[in-house]
Amino acid sequence: MHISEGILTLPVIFSGWGCSALLATLALRHTSTQQLPRIAVLSSAFFLASLVRIPLGASSIHFTLLGVMGIILGWSAFPAIFIALALQAILFQFGGLLSLGVNASVMGGAALLGCLPLTPGLRRPGRLASGIAFLCGALPIVIAAVLIYLALTWSHATLASTATLLFIANLPLALLEGGITLFAFLFLKRVAPELLTGSFR
C-alpha cells in the first residue's frame, strides 16, 4: 500500500502531512508509557509483514496487520505505523520521505477508522464478537484502498485506472487480513485478554 515517491502532487503531499500531524497529536494524547513495549513489538511486526510486497503500478500490495494493531493498540496504532513506515522509507526507500505523510495517513488512519468504532463490540459474547473482529481486520484494508485511490486520482487523473486496479487487488487482501485478525483476537481472548484492553480506550 506504499505510494511511491514522485507520484503525488504537492497539495496532496502537504494534505497528507497535515492529516498525519493531526492524527499523531490525537493518538499521543491516548498513549501511555505502559503501551510503549506493545507499540514497539507491533511496529516491528508491521515493518516485517509489509516488507513482502507485490509492486503494482504507483503502489504495492502487502500484508499490514492493521486490524491486529487496531484491536491491541487502539489509538496507539498510528504512532506504531508511522515509525515503521519512516524506517522503511529511510532504510529501503519504500514509499519515501515526501510521501510518508500520505502513506501514514492512509494506513494509520485506516487502522483507526476501521477499528475504533467497532472495538467496543469485541466485548460481546460469542459469534458477534468474532464477526466484529473479522471486520476490524477487513475494513481498514478497504478504507486504505479507498484513500489510496483518492490520493492517486487527486494527484493525476490519468492514474484512475491504476488506482482502480489497486482497489480491486486489495479486496482479497481484506478477506485475508480479516481472517488473521479474527485468529489473533480468538487467541488473545483466550490466553492474554489484557492485551485487548488498549482498543477499548
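Glycine too: its Cβ is placed from the backbone N, Cα and C atoms.
Here TrEMBL flags 7-27 (among others) as transmembrane segment.
Annotation comment: TrEMBL describes 39-56 (among others) as transmembrane segment. Residues 1-2, 31, 62-65, 68-69, 72-73, 76-77, 79-81, 83-84, 87-88, 92, 94, 162, 165-166, 169 of the same chain sit 6 or more residues outside the transmembrane segment (39-56) yet have a Cβ under 8 Å from a Cβ within it.
Summarising the annotation, TrEMBL assigns transmembrane segment to 63-91 (among others).
Sequence annotations record features per position, and here TrEMBL assigns transmembrane segment to 97-116 (among others). Remote same-chain residues near the transmembrane segment (97-116) are listed as 1-5, 7-8, 12-21, 23, 27, 64, 66-67, 69-71, 74-75, 77-78, 81-82, 85-86, 89-90, 135-136, 139-144, 147-148, 151, 199 (criterion: CB distance under 8 Å, separation of at least six residues from the stretch ends).
Sequence annotations record features per position, and here TrEMBL assigns transmembrane segment to 128-152 (among others).
Residues annotated as transmembrane segment in TrEMBL: 164-188 (among others).
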Close approaches to the transmembrane segment (63-91) from elsewhere in its chain (Cβ under 8 angstroms; 6 or more beyond its ends): 1-2, 20, 23-24, 26-31, 35, 38-40, 42-47, 49-52, 97, 100, 103-104, 107-112, 114-116, 119, 122, 133, 136-141, 144, 173, 176-178, 180-181, 184-185, 188, 195-196, 198-201
